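What TrEMBL says about this one:
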TRANSMEM  20-39  transmembrane segment
DOMAIN    45-439  domain 'Cation/H+ exchanger transmembrane'
TRANSMEM  51-68  transmembrane segment
TRANSMEM  80-97  transmembrane segment
TRANSMEM  109-133  transmembrane segment
TRANSMEM  171-193  transmembrane segment
TRANSMEM  213-236  transmembrane segment
TRANSMEM  300-317  transmembrane segment
TRANSMEM  337-360  transmembrane segment
TRANSMEM  381-401  transmembrane segment
TRANSMEM  413-434  transmembrane segment
Amino acid sequence: MSHLSTLQSSSDFLSTTTIIALTIFFSLLCACIIIGHLLEENRWANESITALLLGLCAGAVVLLASKGNSSKILVFSEDLFFLYLLPPIIFNAGFQVKKKQFFKNFTIILMFGIFGTVISFCLISVGAFLLFNRIGVTSLNTQDYLAVGAILSATDTVCTLQVLSQDETPFLYSVIFGEGVVNDATSIVLFNAVQSLDFNNIDAMISLKLLGIFLYLFFTSTILGVVAGLLSAFIIKTLYFGRHSTDREVALMMIMAYLSYMLAELLNLSGILTVFFCGILMSHYTWHNVTQSSRITTKHAFATMSFIAETFIFLYVGMDALDIDKWKASSASAGTFIAVSSTLFALVLVGRAAFVFPLANFINCIRRRDGSNIAFRKQFIMWWAGLMRGAVTIALSYNQFSNSDDKDTQDSALMITSTIIVVLFSTVVFGSITKPLIEAVLLRHAKPNVSDATDIPSLDDLRIMFIENGEPSDRGENQQAAAGPRRSSLRLLLTHPTWTVHYLWRKFDDRFMRPVFGGRGFVPFVPGSPTGASNEASRT
């Protein structure tokens, strides 16, 4: 009997509610995978929308089963989202991104992701301040309005990954996705900066303080990600884990990537930026230092974890949207819900348009080369695809308005539920229309694809000029002959800065970085394998 009671007490240690909730979620995950496979060729649906709608249906079923009391299966947790679900998605995005396209458009990405987010943040904050009092939301303070601007400036990177194709629209994918990563990081940094400021003593220096906090967090987070990626590459290259166990090198890559995110959060930095750049560095160096079997394993393992986390997030959001307690907490009428949600969504539309079109045309004025302008069709898609809001928006909204000890509980619940309405509407409507819109606006009018080589005719000139300037034979030439190429290379640097910097980086990378950190061309030594045998033969 004592043994039986011990078993009974150990089984009671596991919460039955948690087991039921996880069973439902994993069943829904399986259903999402199956339905997503069946809808693969459907241009109106994607796995994000499928998961969101399944979550809503499951929440409705639970709500009916509980006779309208509660649909709460799992409480929306910021820790679960930011610490467990978001890191594998952002890391895999950096790990899989086409680096050449990403850094080719890096200037545009930074302009949209930083300056664009700040413009959107300012417009949404001012718009909310001017309009909410007229609607009847009167209990919000200055910090709340600024927080609303930061919350609604965060685009949905997860859904963007699923509605855009890296192969069909490489420019749009790299710009919108890259902007989304920087945008999420910028929004969270702005949100944290707003939380840290003392609004009881507002002075003229508050804007400079916000700028200083943002620049510090942006650069330190990026540097931490770069250091983590380089450290993993150096350790794996130096210690040759593959000669004993490929499992160890795979495990080390996963753990060091996650460790970089946790260190950033521990130091109050941006974990999104850190793990994203860690993924880029790992794909450039570390991935080439592991054995062939580990390369295949890591590529598919990271993609699988990211896919599961993405699907889980949308299920999570869909089920949490029908938490009846939040809707009951706000005694607002249906008209007030519609008014607040419509106002927020209109501010999102205006805030994004206010920076996409002006910045794109500003870039067109700078880049005057033929064929390099951002056409209006692309500008429209860039505006449209960035209108989706997701779990980052909901998580920040909970953070700001769930602890409502010092503000009106009803208005706080109203802000959370209105934010959820904006997320659901933008994801379902804009997420379903984006693919057909791209086909109608872009792909039908697309020109035949050209390779990168034809896109950069100046690379050969760059290579010849830089090599000629560095050739020993050039030292015997007269000074005037040597001065000519230097003036030409300087002109080329001014007219084609992106490709010139890329060429110089490749030279620096091949000469200094790869010998230390490995990368493409590095062959790990594994005794007993064909690679190890060829290495031994070459050494002898």
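From the backbone N, Cα and C atoms, a Cβ is placed for every residue, glycine too.
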For the transmembrane segment (381-401), distant same-chain residues with Cβ under 8 A (at least six beyond the ends): 76, 78, 81-82, 85-86, 112, 144, 147-148, 150-152, 154-160, 163-164, 169, 172, 175-176, 179-180, 183-184, 187-188, 191, 313-314, 316-317, 320, 348-349, 352-353, 356-357, 360, 374, 407, 412-413, 415-416, 419-420, 422-423, 426-427, 430-431, 433-434, 437-438, 441-442
Winner by Cβ pairs under 8 Å against the transmembrane segment (300-317), considering only 51-68, 80-97, 171-193, 413-434: 80-97
Beyond the flanks of the transmembrane segment (413-434) by at least 6 residues, Cβ under 8 Å: 44-46, 48-49, 52-53, 56, 137, 140, 144, 148, 151-152, 156, 159, 162-164, 314, 317-318, 320-321, 326-327, 329-330, 332, 336-337, 340-341, 344-345, 348, 381, 384-385, 387-391, 393-394, 397-398, 400-402, 404
Most Cβ pairs under 8 Å with the transmembrane segment (337-360), selected from 51-68, 109-133, 171-193, 213-236: 109-133
Non-local residues, at least 6 beyond the ends, that sit with Cβ under 8 Å of the transmembrane segment (171-193): 90, 93-94, 97-98, 101-102, 104-106, 108-110, 112-114, 116-118, 121, 147, 149-151, 153-157, 160-161, 164-165, 209-210, 213-214, 217-218, 221, 268, 270, 272-273, 276, 378, 381-382, 385-386, 392, 396, 399-400, 438, 442
